[in-house]
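Peer 1: Okay, here's the structure, questions in a sec.
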Amino acid sequence: MGFLSGKRILVTGVASKLSIAYGIAQAMHREGAELAFTYQNDKLKGRVEEFAAQLGSSIVLPCDVAEDASIDAMFAELGNVWPKFDGFVHSIGFAPGDQLDGDYVNAVTREGFKVAHDISSYSFVAMAKACRTMLNPGSALLTLSYLGAERAIPNYNVMGLAKASLEANVRYMANAMGPEGVRVNAISAGPIRTLAASGIKDFRKMLAHCEAVTPIRRTVTIEDVGNSAAFLCSDLSAGISGEVVHVDGGFSIAAMNELELK
């Protein structure tokens, strides 16, 4: 019996088998969790239904996190099958493509700034607000961040600011929901080749650099992140809340390892 047996967890953000959310769902399924999934639009519906079926789930619901009404409708529908559940994984982030290339100050726009923060950060607390009364004591909410929240990463630009907002969101949500027995955490994952990452200029160079200088001398995988996510949504991590856990092979703690390559 896995360490998530008896847990019901909603997973957002599965777009392909390369998605971090897919790796998380795989690990949670392996550990016995009962899963539900969301999809953003009809283009993704069939694909997400297929992945859900492979992971033993028939609960696949539409949700556009840009619209509060869509979030509310999704949780109302989920409540018909799961009146109570044990948490959700927020693996959602977006910025317009023109924001992710070149000099940050030149590239950023008011609209791009607003959209990045709305979709990548506000949507996390919007989902928590909408399902707060449905969460069992001992529930865990998890989101995905990146080192660009802490450091200026070339071409990551306004997404770095949105991820910094998201990490602050984690702390404030953890403090607000803790008395109800709800924990809130984030994983700051190392770069992984996903559909979302493909929109960042020179992402392949970023991967190669990380592989060369990361202490473990490899990039992390969706399986690495999935295993950590399963732990953070389980009772094994009952004392952890408000944290940003780096699953990046140690990249964020090292400096100047490139000197050893010369």
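Each residue, glycine too, has its Cβ placed from N, Cα and C.
As the structure is a computational prediction, the values presented were derived from the model and not from experiment.
Okay, so Swiss-Prot annotates it like this:
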BINDING   G13, S19, I20, Q40, D64, V65, I92, K163, I192, R193, T194, L195, A196  NAD(+) binding site
BINDING   A95  substrate binding site
ACT_SITE  Y146  active site, proton acceptor
ACT_SITE  Y156  active site, proton acceptor
SITE      K201  site 'Involved in acyl-ACP binding'
SITE      R204  site 'Involved in acyl-ACP binding'
SITE      K205  site 'Involved in acyl-ACP binding'
Peer 1: Please identify, among the recorded positions A95, Y156, R204, K205, the one with the smallest Cα-Cα distance to D64 (NAD(+) binding site).
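Peer 2: Ranked by Cα distance from D64 (NAD(+) binding site), first place goes to A95.
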Peer 1: Rounded to a whole number, how many Å is the Cα of Y156 (active site, proton acceptor) away from the Cα of A95 (substrate binding site)?
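Peer 2: Given the Cα positions, Y156 (active site, proton acceptor) is 10 Å from A95 (substrate binding site).
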Peer 1: Can you tell me how many other Cβ atoms are located within 10 Å of the Cβ belonging to I192 (NAD(+) binding site)?
Peer 2: 23
Peer 1: I need the CA-to-CA distance for A95 (substrate binding site) versus Y146 (active site, proton acceptor), whole Å please.
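Peer 2: About 14 Å separate the Cα atoms of these two residues.
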Peer 1: Between K205 (site 'Involved in acyl-ACP binding') and G13 (NAD(+) binding site), find the distance joining the two CA atoms and give it rounded to the nearest Å.
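Peer 2: Each residue's Cα considered, K205 (site 'Involved in acyl-ACP binding') and G13 (NAD(+) binding site) end up 25 Å apart.
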Peer 1: Work through the binding-site residues one by one (I20, I92, A95) and point out the residue whose CB has the fewest other CB atoms within 10 angstroms.
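Peer 2: Checked I20, I92, A95; of these binding-site residues, fewest Cβ neighbours within 10 Å: I92.
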